[in-house]
Amino acid sequence: MKSGSGGGSPTSLWGLLFLSAALSLWPTSGEICGPGIDIRNDYQQLKRLENCTVIEGYLHILLISKAEDYRSYRFPKLTVITEYLLLFRVAGLESLGDLFPNLTVIRGWKLFYNYALVIFEMTNLKDIGLYNLRNITRGAIRIEKNADLCYLSTVDWSLILDAVSNNYIVGNKPPKECGDLCPGTMEEKPMCEKTTINNEYNYRCWTTNRCQKMCPSTCGKRACTENNECCHPECLGSCSAPDNDTACVACRHYYYAGVCVPACPPNTYRFEGWRCVDRDFCANILSAESSDSEGFVIHDGECMQECPSGFIRNGSQSMYCIPCEGPCPKVCEEEKKTKTIDSVTSAQMLQGCTIFKGNLLINIRRGNNIASELENFMGLIEVVTGYVKIRHSHALVSLSFLKNLRLILGEEQLEGNYSFYVLDNQNLQQLWDWDHRNLTIKAGKMYFAFNPKLCVSEIYRMEEVTGTKGRQSKGDINTRNNGERASCESDVLHFTSTTTSKNRIIITWHRYRPPDYRDLISFTVYYKEAPFKNVTEYDGQDACGSNSWNMVDVDLPPNKDVEPGILLHGLKPWTQYAVYVKAVTLTMVENDHIRGAKSEILYIRTNASVPSIPLDVLSASNSSSQLIVKWNPPSLPNGNLSYYIVRWQRQPQDGYLYRHNYCSKDKIPIRKYADGTIDIEEVTENPKTEVCGGEKGPCCACPKTEAEKQAEKEEAEYRKVFENFLHNSIFVPRPERKRRDVMQVANTTMSSRSRNTTAADTYNITDPEELETEYPFFESRVDNKERTVISNLRPFTLYRIDIHSCNHEAEKLGCSASNFVFARTMPAEGADDIPGPVTWEPRPENSIFLKWPEPENPNGLILMYEIKYGSQVEDQRECVSRQEYRKYGGAKLNRLNPGNYTARIQATSLSGNGSWTDPVFFYVQAKTGYENFIHLIIALPVAVLLIVGGLVIMLYVFHRKRNNSRLGNGVLYASVNPEYFSAADVYVPDEWEVAREKITMSRELGQGSFGMVYEGVAKGVVKDEPETRVAIKTVNEAASMRERIEFLNEASVMKEFNCHHVVRLLGVVSQGQPTLVIMELMTRGDLKSYLRSLRPEMENNPVLAPPSLSKMIQMAGEIADGMAYLNANKFVHRDLAARNCMVAEDFTVKIGDFGMTRDIYETDYYRKGGKGLLPVRWMSPESLKDGVFTTYSDVWSFGVVLWEIATLAEQPYQGLSNEQVLRFVMEGGLLDKPDNCPDMLFELMRMCWQYNPKMRPSFLEIISSIKEEMEPGFREVSFYYSEENKLPEPEELDLEPENMESVPLDPSASSSSLPLPDRHSGHKAENGPGPGVLVLRASFDERQPYAHMNGGRKNERALPLPQSSTC
């Protein structure tokens, strides 16, 4: 039927449409395919997509039960689907990324039950992988019941859809079991960008090697190219060139002649919601249909199938619409010419129709108060071109629901020239109200029979009104069976044969011969389900028209010698039916009773069939080698249920578990076994244990609220409706198959992959390196119960368990399809223990090689091993990955000092850690005396030369200093301890020297570490600048010679820095007094003061708003860039804080000049044990605990600086004393999230505060994660984007704490023994500078305070700790 609201164009029509479109409209080598592509049962049908660029319609891929290798199928041309994408039960498909690598847009022009992307029951799908999918224009996504599907939590759907609230992602693999890893995260070099989902700021990717594409924020809602260049505003999804409306992958609005346009040009029309076509294109669609079809129309600038509501065609051959005068006439047509109305649903198809082309057959057998519904849907019909037949409509009392019917043309008539036929309507009492009704029957006769409640006078009145009086013969309006509820059947019909199958019954009966054979009209067969043989003819009938019997009319055989019969189909297998037959005759006997015939009630059962699948399969593990499985019987046993077949198969481990190196904490994937309680004899609920009402201890589960119950109920109903809709949409009927086909399908999985073996065999299967091993199925038979226990399984291993139902005909028909469940066994205690002894072999250069056997049956899979070894002092740990162990069979320990050692080894599997092995003892020998003698011969001359050279240099420098008349205000310096000074302590003027007359001081800026800091002007210190505003640092007049030399040495540190984000040294005035250091002027002071000035309550607030998120990120990037430069030049800052960052005139933040601001904020430091001042509130746990300072500890301090920025320079750990802060941080405490702090900024802080230093990002990685948020000028001036930023060799980045000298904070620690960290001797170094001062040297005196804080690398330097004159 084609009506105003429904019906689609034939496939041939669309074929012509898409062929012409492919040749003329789309500017690629591909085609526009459609109107919808349905690929089912055979994976080779995928070839239909080979040349498709756009699918104008939907794409179904479903019901492919045989697992295939899809890697050879790739469709890179496909970029757009205009409607929706549906995937359902496709075996073997693991990712969509290879199939559709360039699918970019799903428009959702028409949806599948409100969804544009549906992925349902895809058992092998491991990831979606549509890494180029950028836009789903309309509709939501539904991803459900995909047992192995991961990488769902790593996709930010808000970047693809406008709204994510209607998305439904349920029943997939739990994220904790997936171990989703975005590209580069395992190597700690993440490549993907981060976004926030449900308050979780994380990397976004589609697979382990494909990031989710995000466009720069500067693009707004525009798409972008692969190189992050913004597309033209009319582009959707992506483009091949920036700002080019001819280079779009898809169009935001409409596509025409190779260009994306906001609206269709003149003389073109919108089509299918995405492109523009001309009038001839619409006309070509018309010509493709049959001649009597009205085809497409053009209305309101759109080419569409029919006029919208309120409009009608302007003539039968017109392509244009005009407004209706009053209700619009609407012509409806049934393709089969006859429309059967047997329910409200079928009547609904006629809603709004005024003219019906064809015949109406009304057959409403049951239903209460159905007339109002029929009137809503059929009340506007005015004309029927064919005939109207009303039969067996026991629910009808009147025909008034056809309230506007005024003309029956009778162009097509029933046999006998009938155009109005009313037969066997048990409750029909009235036709129409003829006082207010004009109905014309233009051609044909009327026929009325077997309407016991319809008065003959009502029929005669209709004759007069309709103009048919005189057309009917005497038998057409039978006065004996209309209006008379009497009937008596005197003859008995006898069945002659019955034949049954699983859903059919064929019956025949004796031919009935009434006295006048002409009065035999037909037969009616009545049948119904009858579990018991106690039904009667009148069961289920009432005055309202309810009737429990199904009725089928059987026409008389044309050959009088053939016995009448009927095929009843659509029956249920293995079901007993009651059947009887009644003859419909007009024969009258003398007492005016109707003469007829009927049979006795016959009981007959259909044949058995394959049962439906078992229901509600559950599995739980009660030990490391057993799984308990429980299920419910099938809803349709289709026979006498006899037994069940239980089959199980070990599942291979996920491939990434073999590929990744898990020697990093917090990155080991989590697996859970199938917990729960299933009792073998009786299934009982395991009561939950929760904390209710604030009281601890086990108690009942807290009751759900009414709102929660209602929400769960609605969700369950919605899920059921969706599944029904899904199954009704994709399961289409096909011709009945032969029985051998049914048997073959039912037994395919049961026989082809089974083998005759016992369950015990599964325990001895080895664990090969083959990632996707196909393990065999094992099976057992379960009789007379719905539960079983599977034994002899491997510990902590995932199994697939299939349950098949089998009835008494299983040998012949086969068993049901399977219902399956995945379950994991419990871990076995001791399974991860290393079974044999640990052995060792000596290796050259103070190394040994440890060997040990692998656990035989581990809990799932061994991921790594951990070695704990050491001598008498402290144990060290070494991690050995699975790959390394498989390659070498053990591990090598290098660079061991001579002595006795013990070592123990522990394995880590998917379930956790095993036990430590018994210790193995080994001895590392010292080098032989001969070797020592050789070394001594080599080293002695070198030492003598160094000593002599040092003495010569000292004498030269001393002589030069002595003759320098301008030293120390013209007075010679007499040292109390002349042996203390070395050549390294004396400052030698160099190219940084500036003449004093070029410096002019103007005003004081503040007090520095050594003296006052002034603002001034320097001439010629910056190239191409005659005069430059500078900061001038001085030394107090009362400063000692040591302090003056230290002042100049600290300035010398700055000579090596040349970075935009580090405050620059411009020159030094060391000749004469006072000594001056010329620095870059930072007019806005230190960052701490600047941030506090932005507080609203500050009186000196320069009317500047608090920094926005983008400004905070800009500050963070500038600080990180300066720190990355220091790190690249082997400097460890050790005192990174807001007070030590400076703010320039243009608000650029730079790393400070390492001394200018420290005395101002001396309260930010803490003196531990009476020694040097320490910035404990900015220090990392390892720095507080072991005195280790590395670039990782600088990253921790950087996180605290971010916290200062977010709080406008509040004091960290406010409310805690310095001692409390020290303990709090060493015990793992962290700063709380500041109020109104953006998630992105706080997530960056948390990354910097990882307790394990190795887990913290480097400064370069920090910049990489926020580089898209930085201002464009950052690229021009930063170290990150400079040529100087070259990645060093891996050896150079090895700043591991274990490779560094770890000495307690006590500066008086003896060189002979290392005291515990909390012991303090209270002694000071006898010679040298005051506590807390660190002079940069080539090597450090062990007794020099805080020398150990420089880190443990010879080529790495540390910046000085803060000074204090009070030390």
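From the backbone N, Cα and C atoms, a Cβ is placed for every residue, glycine too.
Looking up C260 in Swiss-Prot gives a disulphide bond whose other cysteine, out of C251, C276, is C251. Of the candidates Y517, Y888, Y901, Y1165, Swiss-Prot records phosphotyrosine for Y1165; the remaining residues carry no such annotation there, which does not rule it out for them. Of the listed cysteines (C219, C239), only C239 is recorded by Swiss-Prot as the disulfide partner of C231.
Disulfide annotation in Swiss-Prot: C324 is bonded to C328, selected among C328, C332. Within 10 Å of its Cβ, the residue among the disulfide-bonded residues C192, C239 with the fewest other Cβ atoms is C192. Of all the disulfide-bonded residues listed (C182, C230, C231, C353, C455), C455 has the fewest other CB atoms within 10 A of its CB. When the disulfide-bonded residues C178, C205, C248 are compared by Cα distance to C231 (disulfide bond), the shortest distance belongs to C248. Other Cβ atoms within 10 Å of the Cβ of C219 (disulfide bond) number 16 in total over all chains.
C150 (disulfide bond) carries neither a helix nor a strand DSSP state and counts as coil.
Here the glycosylation sites are N135, N244, N534, N640, and the one with the most other Cβ atoms within 10 Å of its Cβ is N135. Following the DSSP three-state reduction, the secondary structure of C205 (disulfide bond) is strand. Between the alpha carbons (Cα) of C178 (disulfide bond) and C205 (disulfide bond) lies a span of roughly 14 Å. The glycosylation sites listed here are N102, N913; among them, N102 has the most other Cβ atoms within 10 Å of its own Cβ. A simple Cβ count within 10 Å picks out one of the glycosylation sites N51, N438, N900 as the most packed, and that one is N51. Taking the Cβ of C282 (disulfide bond) as centre and 10 Å as the limit, one finds 20 other Cβ atoms among all the protein chains shown.
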